[in-house]
Structure formats: C-alpha cells, structure tokens
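These notes are about the structure you will find just below.
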Amino acid sequence: MNLLATLERGLADIDAQGLRRRRRIADTACSAHMSVDGREIVGFASNDYLGLAAHPRLIEAFAEGARRYGAGSGGSHLLGGHSRAHAALEDELAAFSGGFSDAPRALYFSTGYMANLAALTALAGRGATIFSDALNHASLIDGTRLSRANVQVYPHGDADALDALLRACDAPTKLIVSDTVFSMDGDVAPLARLVALAEAHGAWLVVDDAHGFGVLGPQGRGALAAHGLRSPNLVYVGTLGKAAGAAGAFIVAHETVIEWLVQRARSYIFTTAAPPSVACAVSASLAVIASDEGDARRAHLAALIERTRAILRATPWQPVDSHTAVQPLVIGSNEATLAAMAALDAQGLWVPAIRPPTVPAGTSRLRISLSAAHSFADLARLEAALVTPIEAAA
C-alpha cells in the first residue's frame, strides 16, 4: 500500500466536502487592523478580546523578562525550568481567579490544551465517570478519552438531563466538565446549576473559562466570579492566550488538588516549561485586566457586542443568541459559508468560516470574534460588507 497515496485520497475527500483548512500568514502584530498575506485587513478572527496582544506594557514586560531569564526555560517545571517569574505568576493567578475556594492555588501550563488534559486525566481514571457537555471543546473531549474513565455525554446545557445521569451513576469518582462560554456558539453554561449538581452528587466540576477569563465578572475575574459561585468541588481552567493577550493557561483549585496535579498530571510533568518571559508578560496583563483601563476595555467590548447583535439580526441568516465576544452567524452549507467568507475577504474583512467537524454538519457559520481594539467604524464596514456575502451565498 502506498502510504502517501492514502493520505492524498483523504485530502481529496476533504477538498470535495469543502473542508480544507488553510493557514493565513500575519505580517504584523495581532490587532483589529493588521497585515495578513501582504494585505491590510480588519480582523474578526482572533481571540484577543481585550486588545492586549500588542499592548506596550505586555511587550516591555516580555522583553525585560527575556533580558533577565533568557529565551527559554531550559527544562520542565520539576527539573530546573520553574523560574521566579512562573512562581510569582501562579500566586497572582490564585489571588485573581481563586475567589471560589478557601485555599486557592494555581498551576501554570504552556497551553490550554495541556491544562485541560491535566485536569481530566489526573482527577479521573479507570472506574470514574465523566459527564461532558455535548458541545465541549476538543481539548476537553480528548482529555475525557485519555483519562480512561467512563464518559457520558449530556445534551448541551441541559442540567436536568445531567442530574438524571448523575442520579443513575454509582461510580466512586464523578467529574462534570463544561466550557463556561462555548467557543463556537458564544452561549454560557448554566454554571449555578452545575455547581449545585456537583455538590449534591459529590462530583468534581471542571470548568474551562477560556473565553470568559479577563472579560466576564468584576475586574475580568471570570465566569465563576460573574455568578458569585464558590465551591470546594470546583476546578477552574483559564486561558492566557485570548483576553490576556499572551500565551499559556492555568488551573486554580484547592491547594490539595493542585499538589495532586503537580505529582500526577503528565501534561504538566513531562514537558518543558514555557519561557519565563511569557510569565512576565502575563503578570503585566493581569495588572491591566484588573485596572480602570481593563474596565474601560470591557465596557467598550460590551457596547461592540450589542451593536454586532443588532447587525446580525438584520441579516437573513441565523445569528446565535450570544452576549459574548463570540458572535456566530449560521449559514448552513459549507459552500455558502465559504462564499460568504470570500466575499468579505474581498472587501478587506477577515471573518473565518467554521465548518464540520468543528460544528455539526449543516451548521457551518461565520464566526465573528470581537475585540476591544475594534471601533464602531469597523462594525460599520462589516455591516455594509455583509450585503455582498448575502448575495454570493444566496
């Protein structure tokens, strides 16, 4: 069998379904206005929700961190790679996002994917049962698979269905896992119900706040803080490459949980630590997020969200009822969605097309990601340009 020919047939099948993904090349820093593939565009593709990726304070902190610590960490966190910058950042993250716990501690990871794998594989295993929302992020799904636990998927956001599954389960360890803000729909999980169910059934509750951290709650402290939730059963995962404008992720939980992860989480133990300079940039980001400037950026973003919702409601397509920076516009077929994306691109607007398997078949969509770096003039351009995709996709 020709191995390359097998892959080529698979790629041809991907093309036939309109599912080929392509990388675009950014020539400038992430921002609302940037150069991509040699063209000036207004970007609605990034997750830089507060517009901090090119913030001078973060850039200077990163540069100073590199001057002090060098370009790389030199090892894993347990074998020489854990710097003073990493340790200080973990203390800051625990204080910032750990209000749900009486004894919070944080653990910093190089990526959100690794953090989710760590939480699920270290807290659940053979004999445990994980209850996973049907629309959870791929990293959570992979974490459930790698855990070797029994996995039960409950209908999206359906706390009553989850309750029934928990009542019927006699596993010694139960773990509920959910995104807070769902990345492709922009809706928010019923977090208060999930916390109540976790406590009623003696289950862990792992929440991935990738799209809520920095944006939701007082001072951007996240979705749990937005709802005033507290519980010893909570394990909070936050991402630092979206609203925080840098890179990496973290877990905050009771100090005993974090110590268990240090000892048992393979995706933490067996990998090189992120460069200390990144931790320095994140520390600077936290200061901005919690400041008056952070409040102003969140207020501007909230106004942009409401204006975008009004714009999308005026199209003949199906906007998802999202009050977050993720604003999806469901078109349907892959072909129509790609045509809409191309028409927007021709007018200097980068709005990505999201297709299966990321979303269910027949629900391909434009995913409009908003940033505090956007202006209302940017939204006016988007509103005017949507006429062309409508005609192209009709």
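Cβ from N, Cα, C; glycine included.
Pulled from Swiss-Prot, these are the features on record:
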type    : residues                               : note
BINDING : Arg21, His137, Thr358                  : substrate binding site
BINDING : Gly112, Tyr113, Ser183, His211, Thr239 : pyridoxal 5'-phosphate binding site
MOD_RES : Lys242                                 : N6-(pyridoxal phosphate)lysine
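Annotation note: Arg21 (substrate binding site) sits in a coil segment as assigned by DSSP.
Taking Arg21, His137, Lys242, Thr358 as the recorded positions under consideration, the smallest Cα distance to Tyr113 (pyridoxal 5'-phosphate binding site) is found for His137.
Checking Cα-Cα distances from His137 (substrate binding site) against the recorded positions (His211, Thr239, Lys242) with a 10 Å cut-off leaves nothing; none qualify.
Annotated pyridoxal 5'-phosphate site Gly112, Tyr113, Ser183, His211, Thr239; additional same-chain residues within 8 Å of its Cβ mean position, judged by their own Cβ, are Asn47, Asn116, His137, Ser139, Asp208, Ala210, Gly241, Lys242, Ala249. The binding-site residues listed here (Arg21, Ser183, His211, Thr358) include His211 as those with a Cα within 10 A of the Cα of Lys242 (N6-(pyridoxal phosphate)lysine).
Cα distances from Thr358 (substrate binding site) to the binding-site residues Ser183, His211, Thr239 are smallest for Ser183. The highest number of surrounding Cβ atoms within 10 Å, among the binding-site residues Ser183, Thr239, Thr358, is found at Thr239. By the criterion of other Cβ atoms within 10 Å of the residue's own Cβ, the least surrounded of the binding-site residues Arg21, His211 is Arg21.
For Gly112 (pyridoxal 5'-phosphate binding site), the same-chain residues lying six or more positions away in sequence with a CB closer than 8 A to its CB are Ser139, Asp208, Ala210, Val237, Thr239, Gly241, Ala249.
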